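Q: Okay, these came from TrEMBL:
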{"type": "COMPBIAS", "residues": "915-932", "note": "compositional bias 'Polar residues'"}
{"type": "COMPBIAS", "residues": "961-978", "note": "compositional bias 'Polar residues'"}
{"type": "COMPBIAS", "residues": "979-1025", "note": "compositional bias 'Low complexity'"}
{"type": "DOMAIN", "residues": "49-472", "note": "domain 'Oligosaccharyl transferase STT3 N-terminal'"}
{"type": "DOMAIN", "residues": "517-615", "note": "domain 'AglB-like core'"}
{"type": "DOMAIN", "residues": "839-928", "note": "domain 'Archaeal glycosylation protein B peripheral'"}
{"type": "REGION", "residues": "915-1025", "note": "region 'Disordered'"}
{"type": "TRANSMEM", "residues": "20-39", "note": "transmembrane segment"}
{"type": "TRANSMEM", "residues": "96-115", "note": "transmembrane segment"}
{"type": "TRANSMEM", "residues": "121-144", "note": "transmembrane segment"}
{"type": "TRANSMEM", "residues": "151-168", "note": "transmembrane segment"}
{"type": "TRANSMEM", "residues": "180-200", "note": "transmembrane segment"}
{"type": "TRANSMEM", "residues": "221-237", "note": "transmembrane segment"}
{"type": "TRANSMEM", "residues": "269-289", "note": "transmembrane segment"}
{"type": "TRANSMEM", "residues": "301-321", "note": "transmembrane segment"}
{"type": "TRANSMEM", "residues": "333-361", "note": "transmembrane segment"}
{"type": "TRANSMEM", "residues": "394-413", "note": "transmembrane segment"}
{"type": "TRANSMEM", "residues": "449-466", "note": "transmembrane segment"}
{"type": "TRANSMEM", "residues": "478-499", "note": "transmembrane segment"}
Amino acid sequence: MSQSRGYLDENPELESALDWVQEWYHIPALVVLIGFMLWNRVRNYSQFIVDGEVLFSAQDPWYHYRTTMFVVENWPATMPFDPWTYFPYGTRSGQFGTLLDQVVATVALVVGLGSPSEQTVGIVAILTPAVIGTLAAIPVYFIGRRLGGRLGGVTAVVVLALSAGVFLQRSLVGTYDHQVAEGFLQTLAVLGVMVALGVAEREKPIYEQFLERDVDALRDTVGYSLLAGFGITLYLWTWPPGVLLLGILGVFFLLWLTMEFVRGKSPEHVAIAGAIMMGAVTVFELAVIKTLSITATDHSLLQPLMAVAIGVGCVFMAWLARYMEAEDYDRSLYPVTVGGILVVVTVLMAVLTPSLLSYIVDQVLRVVGFTSSPSATVTSVGEATPLRNPLRLYQYHGLALFVAIAGAIYIAAKQFLDRDAPAEQFLVVVWGAFILAASFTQIRFGVYLVFPVAALTGFAIDRIVSWVDLSADDGVEVYEVLTIIVLVFTVVGPLLFVAPTATAVGGSAAPGLEAQGWDDGLDWMANHTPEVGAYGTGGERSLDYYGTYQIRDDFDYQNGEYGVLSWWDYGHMITVEGERIPHANPFQQGSTTAANFLLAPNESQANDVLENINEDDAKVQYVAADWKMASVNSQYGGKFFAPPRFYDVSNVSASDYYRSITSRNTGQQFNYRTQSYYDTTVVRLYRYHGSAVEPQPVVLDWEIATQNGRSVAATPADGRAIKTFRSMEQARAYVENDSTSQVGGFGGLPSERVPAMEHYRYVGSSERSAYSSDSFNYATLIEAQGAGFAPRPAGNQSCFANETSMPVGGQQYCLADGIANAMNENNPAWTKIFERVPGATVEGTGPANTTVTASVQMRNHETNETFVYRQQARTDANGNFEMTLPYSTTGYDEWGTEAGYTNVSVRAEGPYQFSTPASFQNESITRSTGTADVSEGQVIGETQSPVTVELEETSRDINVGNDSSDNGTAGDSLNQTANGTDGSTNTTSGGEQSGTATPAPGTDTGTATAEPATDAGTPAATETA
C-alpha cells in the first residue's frame, strides 16, 4: 500500500485527479441518487390514467384532489367548510386544504396557464408525491453532512434512495397524500433547528445583548432561529397534528438545557434560540387559527399554546440556571428542581383542567405509547394499526437500522464523555427515538423513520471511516480497505437484495382495482341519479360543488338535496367521483350510524337508522355497497369485520357473524357464516338485492380437532364439509343430531329464511365484475376448496361450459357453476347502487289463509346480470293480502333524472307473477296465480293508486312437464358437484380429492386488514400494511 502512495507522489496529474474526485465526488453521486429516486417513483405514471381519467392509489388522495381543485377555483383560499361530505352535517378537516393543496394548486394554475382542466390538476397531483419524495434527499443530505461531513450526507441519501419503507410507499406516483409532505417538511424543520442550534452554540448569545440591542452579535442567532421557527410552521401548516414535532423539541430542550447546566455550561445560548423559534411558531400559527378549541386535528389553540409553553420553558430554565449559579446552588439540584416543577404543574392541571390533561396524555399514548392498546375502531384504519411485526423495519431499512442505532448510542454516550458535544447531534437522537416509538405505535409514522435512520447511518459510517486514515503517509493497510468494503456492503447489500427492494416497491405503484371498481359505479351514479338538490323536484344542482361555505356545526340542507350511505372507506370517492354527498367518510365521521345501518338485522331497524339521519327536507336516498363490504374474508380484502367494531345498538363482534374452520386437506382456514350474517342489511342488499331467500337442504359439517394443543373447528376426516339432502326436513334432522353442523352458512346459503325488503331496490352498478379481483376469486376458491370442492387449474385451456372462470395471479382456475353460484351470484358487479323508495302498494285477493309469492325477473343492463326478486304475504280469512313492492315493471322513461328521479338500469323482464303454493289432487297440480304490472310512478310515490291483482285458480295435469319450485336448486347443484357429475372435480372411492391446486393469493387488498373471527386457539391472520 505504501508503494501506491509513492506512485501517486511521482504522478502529480493522477494525484490531482484523485484530489478532485475526493473534493467533488458527492455532486455526481447525488445527481445519480436523486435521478434514481425520481425515476423509481414516477415510472408507473401511465397506469394512473385510464381512458383519460386520472385515478389515485388510496382513499385520502381523492379528497386532497377535491381540496386542491377548490384552491384552483378560489385561489389562494382553502376550503373552510365542506357540505359535500358527512351528510346531513357537513364538515371541516384541518388536515386537508392546507399548504400542500395550495402549492399543488398553484403549480397546476401555472401549468394550465391560469385555467387548468381537471385532468391537468389530476396529473400534477399524482406526480406531486414523487417530486416531494425526491426533494427530500436535499434536507437529508445536509443533515447527514452536518453530522458526518460529505460522506455522511451521501450515505444518508443512499439509505433514503434504497429504503423500501413507508416513505417510499407514500411517495410513489398516484399517492397524493399529506404524509409524504409531512416527512419532507418535518425533516426540513429539523434541519433548520439544527442550524439554529449550531449558530447559537457558536455565537453564544446572552440576555444582556438584547438589553444593549447588540444587533450585530445577535443577527445570526435571531435570523436562523426565526427561519427554524418558520420551517416548523410550514410543517404545521401542512399537517396540524404536527404538534408531534413540538413535543419532540420540548423534550429535547428540557433534556439538553438540563445537561448543559449540570456539566458546568450555560444553557442560556440554546435556550435563547429555542425561545425565538417557538415565538415565531406562535405568531405564525395564530395567523391561521381556525377554532378556539383544543384539538390536534385542526389549526386550534393547541399549536400556539404548545409553542408558548416550550418558549416560556426555555426562558424559565435559562433564568433558573442563572439564579442557581448566582446563589451557588449545587448544580445537581437543577434537574431535581425542574422535575419537581413539572410534577407540580401536572398536579395542578389534574385538579384545575383534568380534561385537558387527559386529552394530552391520551394523545401522547396514541402517538408514542409503544405498547398502548388502540381501540377496535381505531385499528380498523389500516395506517393507525400498531407495528405487530418488527421484522418489517429490517425489511424496509436493512442493516442501516442497526448502524443508525449504533450511531445514536455513540452520540448519547458522548453526552457523558464530552462536555462540548454538539446540541444538534443530540437533537437527532431524540428525534429518532420518538419517531421509532411512534412507528411501533402506528404504522403511519413509519413515513418519518427513514430520515433519522438515514442521518444517523451517515454519521456512523463517517465515524468508522474516520478511524481509517486513507491519507496517511505510511500507506493504507489491507484490513482498513476490507473494513470499508465490508461496511459498504453491510449498509447497501440488504437494501439491494432483501425483499422488498426499492425498485420492486416502485414497480408496484398502481391505482388498484378498488379504485377502478368504484370508478365506473360512481360514474353510473353521477349520470343516472338526479343532481343534488333535484331529487323529487327535477332541475339543476342547488349546491355549489366548489362553493365557499362558512364553518358551522350543522349544515342546513334544502329540499331535494340528499345523501348516500356506504362504508366510510368510500366516502371521498363518492364525493369526488360521484359528486354526491356521503354520510360516512374516511375521517370516520358517520361510521357508527353507517355500521348500524349495514348490520341492521331487519328492515325496520335499518329504516330507523336513516330516519335519525334524515332532515325534513333532505334524506339519505341511496346506498352503495361493494363486494368487500359483504365479504368476511378480511385476509383477502373483505371489510365485513369492520362495522361490528362501530355498531352500538348492541354488543356484537365479528364472531357473531362468522367463524373459521381449518381444512384438513390444505391446513388453510375458511370462514362459515351464521344466520346473523345473512340477516344484515348489507348482505340482503349486495347478495340478494332485497329479495327473499329460502334456506336450502345443504349442511355445513365440521369436527373439533386439536391443533398445536388447542381445540379448533376442522373439516371432517373425509375432507367433505358440505352435505346435501333431498329435503329441508332431512337437513334439519341431521343438524339436530350433530352439534358441530348447521344448515347453510356456505357462500350465499342462509340457515333460515331471509325475508324480502320492501323499500330498497337495486338500481345500478359498476360494469366491472367482482370476478376481476384476484382477492375475490382467491377467497372464493379457498372457501370452496376448504369445503371439499377442488378448483381445477385450467392451464392453457378454457374452462368448461358448466364452469366459472376465476383468474388469480395470472393463472386461471375453474369452479363448477353449481358451487360458484351457491357462493356468489352469477357475475356479481364490483359496486352496486341501491335506492330507498316508498314502494308500490299491492292489494290483492286469493284463497284464504295461504301464502302468496310475488316474483319478477330483473336484469341489470350494465352487466347483463339477472336475478329474481321475491316477496311473500299471507292472505287473511277473506283472502285479502297486501304487499309493498320496491321494483317497478313499467314506466321507466317517464321518471328519469330530468324529473328528479333515478334512471334505473336494473329493469324488469316482465310483469310480477303472483302464485300460491301448489296442491296435488286427482293427478293434477292446482294453484292460484295472477300477474300485474307495477309502474315506476307507483314505486317512487308519485302515483298514489295501488296495484290490484286477483288470483285465479289454475290446474294442469301432473304428467305434463316438471314444476320447479321457487326455492331454487342450490342443493341439487351442490349434490351433483359433490358426486363429480359435472366434470369439475375428480374424486376417489374414498371421497378424497385428486389434483387439488391452491392458487396464489391476490394483491388488491382492502384499506385495512383484520384478524379473522376464530374459534378458540385459531391463529391470527398475517398482518399487512
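Just so you know, glycine gets a Cβ as well, placed from its N, Cα and C.
What TrEMBL says about a protein is an automatic prediction, not a curated fact.
A quick note: this is a predicted structure, and the numbers were derived from the prediction, not measured.
Walk me through where these features lie, including what they touch and how far apart they are.
A: Sequence-remote contacts of a segment are chain residues at least 6 beyond its ends whose Cβ falls under 8 Å from one of its Cβ atoms, and for the compositional bias 'Polar residues' (915-932) they are 842, 844, 846-847, 850-853, 855, 947-959, 963, 966.
When pLDDT values are averaged over the domain 'Archaeal glycosylation protein B peripheral' (839-928), the model yields 94.
Sequence-remote contacts of a segment are chain residues at least 6 beyond its ends whose Cβ falls under 8 Å from one of its Cβ atoms, and for the transmembrane segment (20-39) they are 130-131, 133-134, 137, 141, 150, 153-154, 157-158, 160-161.
A Cβ distance under 8 Å defines the sequence-distant neighbours of the transmembrane segment (121-144), meaning residues of its chain 6+ beyond its ends; these are 30, 33-34, 37-38, 41-42, 45, 48-49, 53-54, 56, 61, 64-65, 68-69, 72, 100, 104-105, 107-108, 111-112, 152-157, 160-161, 167-168, 170-177, 180-181, 183-184, 187-188, 190-191, 194, 428, 451, 454-455, 458-459.
Taking Cβ pairs closer than 8 Å, the transmembrane segment (151-168) reaches residues 25-26, 29-30, 33-34, 36-37, 40-41, 133, 136-137, 140-145, 180, 183, 395-398, 400, 443-444, 446-451, 453-455, 457-459, 461-462, 465, 491-492, 495-496, 500-502, 504-506, 1025 in its own chain, all 6 or more past its ends.
Beyond the ends of the transmembrane segment (180-200), by six or more residues, the same chain brings 99-100, 128-129, 132-133, 135-136, 139-140, 142-143, 146, 167, 170-171, 220-221, 224-225, 227-228, 230-232, 234-235, 238-239, 242, 245, 249, 269-270, 272-273, 277, 422-424, 427-428, 431, 447-448, 450-451 to within a C-beta distance below 8 angstroms of the stretch.
Beyond the ends of the transmembrane segment (221-237), by six or more residues, the same chain brings 98-99, 182, 185-186, 188-189, 191-193, 195-196, 199-200, 203, 205, 243, 245-246, 249, 269, 272-274, 276-281, 284-285, 288, 299, 303 to within a C-beta distance below 8 angstroms of the stretch.
Taking Cβ pairs closer than 8 Å, the transmembrane segment (269-289) reaches residues 193, 196-197, 199-201, 203-207, 221-222, 224-226, 228-230, 232-233, 236-237, 246, 249, 253, 256-257, 260, 299-301, 303-304, 307-308, 310-312, 314-315, 317-318, 423 in its own chain, all 6 or more past its ends.
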Q: DSSP-wise, what's the residue breakdown of the domain 'AglB-like core' (517-615) into helix, strand and coil?
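A: Output for the domain 'AglB-like core' (517-615) reads 40 helix, 6 strand, 53 coil.
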Q: Which residues of the same chain, at least 6 past either end of the transmembrane segment (449-466), have a Cβ under 8 Å from a Cβ in it?
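A: Sequence-distant neighbours of the transmembrane segment (449-466): 136, 140, 143-145, 147-149, 151-157, 159-160, 163, 165-168, 183, 186-187, 190, 393, 396-397, 400-401, 403-408, 410-411, 425, 428-429, 431-432, 435-436, 439, 483-484, 487, 491.
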Q: Count the residues of the domain 'Archaeal glycosylation protein B peripheral' (839-928) that DSSP assigns to helix (H, G, I), to strand (E, B) and to coil, and report the three numbers in that order.
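A: The breakdown for the domain 'Archaeal glycosylation protein B peripheral' (839-928) reads 6 helix, 48 strand, 36 coil.
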Q: Any residues 6+ beyond the ends of the transmembrane segment (394-413) with a Cβ under 8 Å from its own?
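A: Same-chain residues near the transmembrane segment (394-413) but 6 or more away: 159, 162-166, 421, 425-426, 428-429, 432-433, 446, 449-450, 452-457, 459-461, 463, 490-491, 493-495, 498-500.
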